[in-house]
Amino acid sequence: MVQQRLGLAHASVATSTRNRMHFDITTAMMVTSLLTFCVGASLAFASSRYPPALRSAMRVWIGGLFLQTLPLFAVAVLGTSPGAGAIIVLNTVYALAYAEMGRALHLFTGQRHHGSLSMLLVGAVALISILFTYAWPQPGWRVALTEIPIAALQFMVARSILRQPRALRPADYLTGGLFLACTVIAVSRGIVEFLGPTLIAPDLRVAMASIVFVFSAILPTIGTIGFMLMCSDHLSDDLSRLAMIDPLTGVYNRRTLVGLAEKAIGDAQRDGTSFSLLAIDVDHFKSINDDYGHDTGDEALCGVVTLMRDALRADHVLSRIGGEEFAILLPGSGEAEACLTAERVRRHVANSPLSINGYTLGLRVSIGVATFGAAVPDLSSLLRAADRALYAAKRAGRDRTMVMSRFACAPECVSPLDPQKG
Ligand SMILES: Nc1nc2c(ncn2[C@@H]2O[C@H](COP(=O)(O)OP(=O)(O)OP(=O)(O)O)[C@@H](O)[C@H]2O)c(=O)[nH]1
């Protein structure tokens with residue numbers, strides 16, 4: 001396989017007739033296979049520090065990488081004519097390496113893996129190799145036809161990288177582009193071999209063989225560097241996401257809310273629009289912990305988040321800004337609309353008892369509303385205004401919404417505590 005796939009026979013012809021390729025192929029193969037092996041071993045060592053989801057994709061990739069070293073090593077040891085049986089085995093191993101790399105990429109991107117199609121293509125490589133070695137010994141046809149399933153396997157790898165659901169990064173373009181280039185080269189080589197020496201000039205065949213050799217030698221290493229960069233991007237995305245999110249409830253944390261509120265202020269100033277902020281605190285939450293335990297308290301906080309989400313629109317931004325304190329950013333909402341939203345949230349929480357660890361918990365929330373505008377012209381005054389309204393709601397008896405009106409210097413009550421209205 002390697003002899004044919006890498007065009008080694010042609011490369012050596014070129015060396016002897018035209019003096020174009022000045023390298024010792026077996027040494028080059030030995031160096032490449034050792035380099036590939038070392039890259040795989042380093043990746044195996046590094047992978048133990050990655051999170052489990054990434055680690056499983058890395059392990060499959062490493063398997064593919066080690067498989068790729070075998071044909072390279074075989075040529076280094078057995079020479080450029082490893083024999084018919086070895087060609088069939090090495091062809092199949094080479095195809096299997098790409099199938100494994102494709103599986104790794106599908107695990108990495110979370111896309112559906114067409115495992116049976118990959119195995120079918122690997123089987124096709126084996127079958128073609130056997131047929132054109134024993135039944136009908138035609139090396140040219142063997143090379144031309146094995147390139148088709150190999151190109152398909154390489155294309156599947158490139159496709160899974162370049163059609164990921166997330167935005168593509170330079171590492172994705174590098175790795176996907178490399179596999180795409182290999183696909184094009186495999187197809188071109190198949191065509192050149194299919195047309196044969198009578199139609200294709202010897203120079204072109206030699207050039208093609210050289211390109212195949214160079215790409216086959218660099219693909220494992222460069223492809224693996226690209227894959228590792230993709231893993232690093234994935235990891236840094238995860239870390240950025242974690243830095244934005246409250247680990248208990250999964251909603252944004254205070255830092256993210258502040259960033260989004262600053263952006264909302266910029267938008268409101270530029271477009272002349274308005275937005276509001278709700279400050280929310282769960283009433284008497286300490287008694288939940290005291291009566292039912294901290295674990296039940298944690299689940300109650302998650303339950304309250306779910307209830308609040310149910311009462312919000314998709315563009316409303318819910319965040320946890322303290323222990324049992326939350327805030328909701330309402331883009332485009334003026335004071336009246338913000339009060340309606342706050343009341344919808346409060347009533348939904350009050351009317352939806354939570355069932356946790358065998359207990360039924362009827363939680364209540366108090367809400368303070370503040371709207372960005374002339375009287376509340378920056379973020380700190382907005383947060384302060386929402387807080388003042390919230391604590392006014394607490395002082396007035398809890399389970400209610402208070403608003404810091406633009407027209408009043410004291411908080412106004414939106415909903416006096418009235419269970420009948422809930
Ligand atoms: N289970 C759990 N409890 C928390 C968490 N963060 C804060 N708390 C608890 O929330 C309670 C807040 O108590 P307080 O500030 O006295 O307020 P409260 O009991 O809700 O009373 P009011 O706010 O005045 O209605 C404390 O007992 C904290 O321990 C958390 O992440 N999990």
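Placed from the backbone N, Cα and C atoms, the Cβ positions cover glycine too.
Some features that TrEMBL has for this protein:
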type: DOMAIN; residues: 273-406; note: domain 'GGDEF'
type: TRANSMEM; residues: 25-46; note: transmembrane segment
type: TRANSMEM; residues: 58-78; note: transmembrane segment
type: TRANSMEM; residues: 84-105; note: transmembrane segment
type: TRANSMEM; residues: 117-137; note: transmembrane segment
type: TRANSMEM; residues: 143-162; note: transmembrane segment
type: TRANSMEM; residues: 174-192; note: transmembrane segment
type: TRANSMEM; residues: 204-231; note: transmembrane segment
Beyond a gap of at least 6 residues from its ends, the CB atoms lying under 8 Å from the transmembrane segment (117-137) belong to 1, 84, 87-88, 91-92, 94-96, 99, 102-103, 145-146, 148-150, 152-153, 156
For the transmembrane segment (143-162), find every same-chain residue at least 6 residues outside the stretch whose CB is under 8 Å from a CB in it, and list them.
-> 1, 4-5, 91, 94-95, 98-99, 101-102, 105-106, 109, 111, 114, 117-118, 121-122, 124-125, 128-129, 132, 168, 172-173, 175-177, 179-180, 182-183, 186-187, 189-191, 193-194, 230
Taking all residues of the domain 'GGDEF' (273-406) together, what is their mean pLDDT?
-> 94
